[in-house]
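> Annotation source TrEMBL lists transmembrane segment at 12-31, 38-56, 186-210, 230-256, 292-310, 322-344, 414-447, 459-479, 499-519.
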Amino acid sequence: MAVYWCIEALPLSVTALLPIILFPFLGILPSNKVCAQYFLDTNFLFLSGLIMASAIEEWNLHRRIALKVLMLTGVQPARLILGMMVTTSFLSMWLSNTASTAMMLPIASAILKSLFGQEVHKDLSWESEEKAAAVRKNGLHAVPTEMQFIAGTEDKDCPEEAEAPMDLQANSKKEEEYRRNIWKGFLISIPYSASIGGTATLTGTAPNLILLGQLKSFFPQCDVVNFGSWFVFAFPLMLMFLLVGWLWISFLYGGITLRGWRKKKSDIRSDAENRARAMIQEEFQNLGPIKFAEQAVFILFCIFAILLFSRDPKFIPGWASLFTPGFISDAVTGVSIVTVLFFFPSQKPSLKWWFDFKAPNTETEPLLTWKKAQDTVPWNIILLLGGGFAMAKGCEESGLSAWIGGQLHPLEKVPPALAVLLITVVVAFFTEFASNTATIIIFLPVLAELAIRLRVHPLYLMIPGTVGCSYAFMLPVSTPPNSIAFASGHLLVKDMARTGLLMNVMGVLLLSLAMNTWAQTIFQLGTFPDWANIHLTNVTALPATLANDTFQTL
């Protein structure tokens, strides 16, 4: 399965179904135990996040938020890049990384055309096969539907392009290079910030939920990771990474220069920025006044986030303590809120209707219909998560975890802090060529056993491996957001490799800093927990013949 996930001989979701076939036939797990892994409460937490995201997209609330943030940040190139990164990362905390990128790229393209006119392509020629391969690698269409505007701007036969807002021929070569760099900086910042933003919440990206599910499989007594505790850990890390990433991208592509602060802005650039500001305001005004449905979805979204955060934040008693211990999980919270979307009216209800017996009994459209949810929720991700949980259960029941632990003796002398650094580097490199989900499914069982051998808190190694899966910045094929940005036609592989290399390095160092500072307090990483001792006892008590027989069968 690990090989199939990496080379994608079958679709990822189909590969995720293989445990249902193989485990019963090989005598590893009965089918009732395997199938149960595909519908754990973690899957329903993720499903509730996807449904909430569908409602936000249905009423264009995400676009209103994006344009409002861009209006507040200003239209200078460096500030606009910051606005793009902040907006994309915030949306990616709740929407999928791919949807956030596909929504923001047309906005970025429109702003860039207002700033500079049609971008010059003479130095950006690249093979169309390379683009197509990068997009097919992640199962995307060559030009996503939401990005057809970008494709339209690249048609050289279009008559509008004859009248560019700025005469490129009248500008110096240096000015043209500056424009190209700003264009690249805008486009490359969006997929990067989407990947960074997805790490901030448990529902932001699949690897985070796989960590939660595999923790429950390997360490059933572990209850320190939930939506609130993860947010307290990951949100500051996301902010720090966004800041240093913005500084690096702005410096590399001309948004910020050491002399730029002292240099007087030219009239040409001032006019371009005024056009960009007017374009953003026009787009925002075209949305019209905020609708009742948008307000309702926003309020439900806020309740969704607040209840998930406050259920059991660990540093104070949460509202779940009012109920029977162990009965209320994040899945219960998420599903409870998103259920309201399917019956809450999208039009403001009138009180007169209740007292007018002659009023027509017309059906009111809810905030989200089930038909819309069926069409927009990526159900394949649910199967992918289930496949990961089934693999983890199979590793535990078959004795594979015990065997892996036995092979890790040489690593017992490695200092834990160095182990965190090495793990993050290896995972970040591996995920450049394999999907994030496949990477974390492969590595988490190994990291859990390594932590037991090192006698360190399992989360001290498993969290860096999980977050490191999202730090894939160097190649177009690394993540779907990278592929979408690359498919716009304005980026070269060398642009992403040059920018992404230092992004990877900064991500590894910041993650190592987080694990050795505030994460120690949030997750009590300085101790070897009792629930890890229970797992160690169970693994030690596993009969040797069971493990041997299993591997002979395999």
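Glycine is treated like the rest: Cβ placed from N, Cα and C.
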> Are the transmembrane segment (12-31) and the transmembrane segment (322-344) close enough that 3 or more Cβ pairs fall under 8 Å, when only pairs 6 or more apart in sequence count?
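Result for the transmembrane segment (322-344) with the transmembrane segment (12-31) is no.
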> Please report, as numbers and ranges, the same-chain residues at least 6 past the borders of the transmembrane segment (292-310) whose CB is under 8 Å from any CB of it.
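Those are 48, 52, 55-56, 58-61, 64, 94, 227-228, 231, 318-319, 330, 333-334, 337-338, 340-341, 344, 346-348, 367, in sequence order.
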> Assess whether the transmembrane segment (186-210) lies in contact with the transmembrane segment (12-31), where contact requires at least three Cβ pairs under 8 Å among residues 6 or more apart in sequence.
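Since fewer than 3 Cβ pairs under 8 Å link them, the transmembrane segment (186-210) and the transmembrane segment (12-31) do not come into contact.
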> Same-chain Cβ contacts of the transmembrane segment (230-256) under 8 Å, 6 or more residues past its ends?
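Non-local partners: 76-78, 81-82, 85-86, 89, 178, 181-182, 184-185, 188-189, 192-193, 196-197, 199-202, 208, 309, 313, 315, 463, 467, 498-499, 502-503, 506-507, 510-511, 514, 518-519, 522-523.
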